Each structure stands twice: as structure tokens, then as C-alpha cells.
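Residues or ranges marked as transmembrane segment by Swiss-Prot on the basis of sequence analysis: 13-33, 42-62, 97-117, 150-170, 180-200, 222-242, 258-278, 320-340, 359-379, 391-411, 428-448, 463-483.
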């Protein structure tokens, strides 16, 4: 088979699991529960479901439709919809590229912690051990410090796994890997949930997780948080889903696929919250630490609070720690391979390269950039760049995509394409949810955050460093335009 022939999924199940794998990431495990807890508890599920129905599913259908209609990755797909729009697809791909350059390092933290846990068990002081022994964090942004060689080697190992999966192609790589990773990941989370539910104090933690505060529904920030969580959780704006849908066969129910992927992703997040809060409830019960002092998100939860909680388990504490970090590694890798595939497929389409050559080119760039985040100041760099990459680049990429596909090409044309293939028919309402409601909300999210940064700065960093982080936005625009102007290099 010539490498110019487009690959395809061997089954719809493979496509579903790969799409779910792209959506389920580290944030589903360590961020969603905290979002629920801090935004009205069970009441948060109301704006969350509204966001899923009004933005999440409509935009996922849009990305599936673009990919399936054009049979191209994001840059050439948007160019096919409207001449001169290739750069908007590259903008999405570059956004994902920037995020992956440090996301893989976070996966490396999880992998390294997993190895340490298997060999040595839990550290006596998880906070000091993680920040000073593992990350070897420096005093600030100005102090780059040394390289954490354990993290560097782990980062290269993660890149090796990603390369191994993607080099095998769609059917034998992405599809087979996700058919193993996603069911196993679900199994690991169910183990953590079942264990959490048997612990004393667990119900108190779960009550904190789900008890509704309906007054939160009158706070617009809660609604914006719900829409932001849905948008980022479903891997929208990366160009991933466009690329994945381009590998679907001609007859594919795009609407059912979008609904299935969205519900599985959200269901996984909700389930993981029981594991997190049930275990934290137990820690509060045994140690006397108030639950509101124990609850945290992101890095603090994953590498400090949760290991401390698991170390207190009456039995098999190390085993459940291994299960937790193994789940993080699987969730991270399933997302990482999807974002890298968005870049690889775009290069294959644009430059007519073989998969292995395109993958080699992409990995070479990543291996040059990622080590920056393994230095002593790496966590600070990651924090600043992530704020602007995930908070600005992705929403802007999605807004550009919506303008091209819905308003310049025609939402009705894509709706007709979807309806020919799907049992659930889309009405005109879909065009307005995807084409009007979604960009308004995404613009509001970007505008409000920009207002906060302009008035209060970000994270206590000096203005110089915040501006430096924000420069990735114009940089992404410039590189996108350059890539559009580059010519195909056949047979390189």
C-alpha cells in the first residue's frame, strides 16, 4: 500500500475508544472533582450538563463533520472548506504541539513517581519529596537550576511509548493501543472507587463532592467554569477529532459517535470524583485534617495529597498507589498520542511524507523542546505557558474553526452531510449552538481571563514573564501563516 493512501479505522469501536482516549486525560482524574466541589457541588452538574448539550456535543459533531467531509487533517480540511484558511488549521495543530511539549513531562512525573513507589514505597513527606527530590524545583523563574535526570529519562521513555504507538499507524497503533488502554484505565478507576467506598469517612468526602449549593447557579463564574471544563475535557480545538474523523469509513454515524464519546468522557470524570473524594474523606477521618484543607486540584492533589491519603490505607496501600499512578500514566499517554497524531497527520497531508518520516520530524522538535520543562524552573515555565496555551490558543483555534466551517463554508452543508449518515437528525438549532452560542461563550472565557491578567497579573509572576508567556499567541499565528505558504515536498 502506498503511504499516500489514507489509513482508516478497522471498526467504529476502535474510533470511539481512540476518541475517548483523546478526551480522557489527567484533568479528568485530578481536576473534575475539584471543579464540582468548588462550584456548587452537585448543583454544578446542572450548568455542566447544559454546557455539554449546548457546546460540547455540537462542537464535537462539527469537528467530526469537518474531518469526515474533507477526509483531511485540520489544516487542509479547513482549506478545503474555504480557500486561504489552511493557516487556521495549523493554528489548532500548533496549539496542541505547544501543549504536548510540556504535557508529556507531566506524564513523566507520573511515570517516575510510579517507579519510585514500586521500588521504595511512599515518602514520609510527599510535598518535600515531590518538589525537591523529584522536580528539584528552583527558587524562581530566573533560576533555571539543573536538570532532573530522573524526569528527563522518564520524559524520553514517554516519547518512546508515543513513538512506538504512532509508528504502527491507525489500525495497528492508535486503535490497538486504545483498545487496551481505555478498558484497563476504566478497570483501574473502578478499583479505586470500590476501595474508596469501603473506607470509613468516605461518605463524608462524597457528600462534600456532591452536596448541591443551588445559590452557585446565580454566579456566572460557575457557568463559565462549566463551559470551560467541557471544552477542554473533550479535546476540542486541537484538530485531533478532525484528524480522527478523517480516518472513518464513508458510512459512519457521526452524531451517535459524538454523543457516545462525550458521555463516556463525562461519565469517567464523574466516576473518578468518587475515588478522589472518598479517599480524601478517609484521610480526613483518620488524620483529623479538615476536608476543606485536604481538598486540592492538579499537581497538589496528584503528587502530594492523594499519595498521603493512600499511604494511610489499612491494607494494600502501596498497591492502590500503584493503581492510581498507573491510571494517570495511561490517561496521559492516551491523550498525548492523540495530540501528536494531529501534528503527524497534518504533516503527512501537507508534505506528502510517509508516516514514519512525519513522526520523526515531529518527535525531533519535541525532544528538543521538552527537556526545558525538566529543569529546576520547568514547573514555572510550564505554569505560565500552559495558562496562555490552554486558556487562549485553544479557544481561539475553535473560534476560527467555527467561523470557517459554519459561516464561510456553510453550517447547513455540514448539517446535511451529517444527517445523511446519522440516525439522530440535526435541526437548524445545531448550526446556532455551534455557530453562535459556542463562539460567544468561548470569547467570554478568553475576554474575562484577559481582563484578570491585565488587572491582576498571573500567578504572582513578574509582568515580564507573563508577557513572555503571552508571546506564544502571536508566535502561533506567525508559524501558522508560514506553514500555509510552504510548498509540498513530495517524496522527501
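Quick reminder: no glycine exception, Cβ is built from N, Cα and C everywhere.
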Within this structure, do the transmembrane segment (222-242) and the transmembrane segment (428-448) have 3 or more Cβ pairs under 8 angstroms, counting pairs 6 or more apart in sequence?
yes
Given the cut-off of 8 Å on Cβ pairs that are 6 or more apart in sequence, determine whether the transmembrane segment (391-411) and the transmembrane segment (222-242) share at least 3 such pairs.
yes
May I ask which of the stretches 97-117, 320-340, 359-379 has the most CB pairs under 8 A with the transmembrane segment (222-242)?
320-340
Candidate ranges 97-117, 320-340, 463-483 - greatest C-beta contact count to the transmembrane segment (13-33) (under 8 angstroms):
320-340
Kindly say whether the transmembrane segment (180-200) and the transmembrane segment (258-278) touch, using the definition of 3 or more Cβ pairs under 8 Å where each pair is 6 or more positions apart.
yes
For the transmembrane segment (97-117) and the transmembrane segment (320-340), check the count of CB pairs under 8 Å (sequence separation 6 or more) and say whether it reaches 3 or more.
yes
